[in-house]
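Chemist: To start, I am sharing the structure in question, which I have written as structure tokens.
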Amino acid sequence: MKVFINKYLNFKCLIRSSITNHKTFTIVGFSLFFGWLLAVPFEGQVLYRLVDNTKTEGPLYNTIAMIAHFLGLFLSGFFIKKKKVAKMIMVIATVGCIAGSLIFFLEYSYLWNVALIVISFLSGLFVACWGYYFKILTSTSQRLKIAADVIIYSNMMMMVINVLAINVSALFALALSIMALCGALFLTLRLENQLEDSSNVMEIKHKTISQRVSLMPLIMLSVFVLIITINSGLMYQVVNPKFSHFELVTTYYWIVPYIAVIFIIRNLPSKINLSYLLYVALAMIGISYISFMLMDRSVSSYFIINTLMLGALGVFDLFWWSILGSFFDYYDNPVQVWGVGLAMNVLGISIGGIIGGWIMSNEQSHNTSIIALVVVLMAMMILPILHNQLGKVLKNHVFIMQFSGLQGAEQNNTLLDLKEKHQLTDREIEIIERVLRGYTYKAISGDLYISENTIKYHTKNIYQKLHIKSKMELIKLFSKDKD
């Protein structure tokens, strides 16, 4: 009997060790691949420098790459439904991207266009298929940190390659990025050994906790991603070129705020509620574009504008990467969930890039801030609805109000305690509940069939009874009461 128990324990340790190793392989492998993607076909400095040397249209190449990459991400989930197929596609895509990247060492010809379309499409397939490994090799609670890790590692790699492309040689940077692809291929192939055993263990765990939900949360997230990333496209095509004459500063500092914000959020205690950060990030984007409209084109202006803009984009990217990862427990095909979500990111950047290109061609850069602020206002209108939809599915995610995870008796008890402790009326409790769920005054008015002025009157009474001055203080106070 002891021998049997020892063998069983050794087998469990072996499985856990295998899962840990494969988790490392998939994180590092994806980071290497994604670093190449960011540095070469996806708004990468390597591609820009190579195209500049050919005296051809740089924006045209970028548009081609974006469309092909979008199609690869979006379509993959419709025909890739098995783990073995996903693994095979990842290997084929990596080999294809290595071969396609080698084309850029040749003199410029139509082959460059073909190679760019192929590698952009294949890279979309690879990124979408990685969703399988993101699901089966990680638990729900780990996905935010792992998403942060791969974003940080890949962007650090992109920064190194970009620096080399700008200051040393675009061909040397291209060679380094191809070496990264070779590393990604090696690590992806390593996932074959004992992967079936370890993945089965994780799949059983997921099947016991998963449940069917409607598509509305995923649709609303996709719409939000599409809208907010229009600002990213404007940044690439309008904001960045306006400061390109500060080559040293823009080369080394551009991505630093983005990485720093993600690193900080990654290392915050898991109990901290981060839902308010989304509103802070929206405000940061708005302020950055207002600053772009009003400030000069000096180094100090660049630091202010870039820090606000890239910091905000870091918050949003980590938000929807981690939310998409959490959706894996509720939808059958992680390739489709991951691919469609990131495809909306690419589509939003493409739309913003097209708008930005039109603005630059007509020399109307002042309109950029107006368009960006309209986008921010649209995002602010959608965010409460998105928050409400996500709150129905995700119960413990740090970017979702913790209150929205309470259901049934637990929620009622919390409200009753709050009412008794602070002597609140029934109407005030109804308003607090909806405020904590992210509703605007207009949404509360429609839900409770009372005027906005009445809501403001009740809100003023709530603030007086609770000795607070703002909605943010209300959220913090409620979190303390709940704890």
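For all residues, glycine too, the Cβ spot is worked out from N, Cα and C.
Feature annotation from TrEMBL assigns transmembrane segment to 21-40, 60-80, 87-106, 112-134, 146-165, 171-192, 213-239, 251-269, 276-295, 301-323, 335-360, 366-386. TrEMBL lists 417-482 with the feature domain 'HTH luxR-type'.
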Chemist: Most CB pairs under 8 Å with the transmembrane segment (21-40): which of 112-134, 171-192, 276-295, 301-323, 335-360?
Modeler: 171-192
Chemist: Which listed range (60-80, 112-134, 171-192, 251-269, 276-295) shows the maximal number of Cβ pairs under 8 Å with respect to the transmembrane segment (335-360)?
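Modeler: That would be 60-80.
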Chemist: Return yes if the transmembrane segment (366-386) and the transmembrane segment (213-239) have at least 3 CB pairs under 8 Å (sequence gap of 6 or more), otherwise no.
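Modeler: Answer yes, regions in contact.
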Chemist: Give the one range among 112-134, 146-165, 213-239, 251-269 whose Cβ atoms make the most pairs under 8 Å with those of the transmembrane segment (276-295).
Modeler: 213-239
Chemist: Report the mean pLDDT of the predicted model across the domain 'HTH luxR-type' (417-482), rounded to a whole number.
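Modeler: 75, rounded to a whole number.
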Chemist: Taking 60-80, 112-134, 146-165, 171-192 as candidates, which has the most Cβ pairs under 8 Å with the transmembrane segment (251-269)?
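Modeler: Maximum Cβ contact count belongs to 146-165.
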Chemist: Same chain only, please: residues at least 6 beyond the ends of the transmembrane segment (112-134) with a C-beta under 8 Å from a C-beta of the stretch. Say none if there are none.
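Modeler: The answer is 22, 26, 30, 33-34, 37, 40-42, 47, 54, 61, 64-74, 76-77, 80, 83, 86-87, 89-90, 92-94, 96-97, 100-101, 103-104, 143, 146, 191, 324-325, 328, 334-339, 342-343, 346.
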Chemist: Is the transmembrane segment (171-192) in contact with the transmembrane segment (87-106), using at least 3 Cβ pairs under 8 Å (sequence separation of 6 or more) as the test?
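Modeler: Stretch pair touches.
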Chemist: Given a Cβ distance threshold of under 8 angstroms, which distant residues of the chain, six or more beyond its ends, lie next to the transmembrane segment (301-323)?
Modeler: 143-144, 147-148, 151, 221, 224-225, 228-229, 231-232, 235, 239, 243, 246, 249-250, 253-262, 265-266, 277-278, 280-282, 284-285, 287-289, 291-292, 295, 341, 345, 390, 394, 397, 399
Chemist: Report, as numbers and ranges, which residues of the same chain sit near the transmembrane segment (60-80): CB under 8 Å and 6 or more residues beyond its ends.
Modeler: 41-43, 47, 51, 86, 89, 113, 116-118, 120-125, 127-129, 333, 335-340, 342-343, 346-347, 349-350, 353-354
Chemist: Residues sitting near the transmembrane segment (213-239): Cβ under 8 Å, six or more positions beyond its termini, same chain?
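Modeler: That would be 43, 59, 282, 285, 289, 292, 305, 309, 313, 316, 320, 323-324, 327, 330-331, 337, 340-341, 344-345, 347-357, 359-360, 365, 368, 371-372, 375-376, 378-379, 382-383, 385-386, 389-390, 392-393.
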Chemist: Can you name the far-off residues of the same chain, 6+ from the ends of the transmembrane segment (171-192), with a Cβ under 8 Å from a Cβ of it?
Modeler: 22, 25-26, 28-30, 32-33, 35-36, 39-40, 45-46, 49-50, 87, 90-91, 94-95, 97-98, 101-102, 104-105, 133, 157, 160-162, 164-165
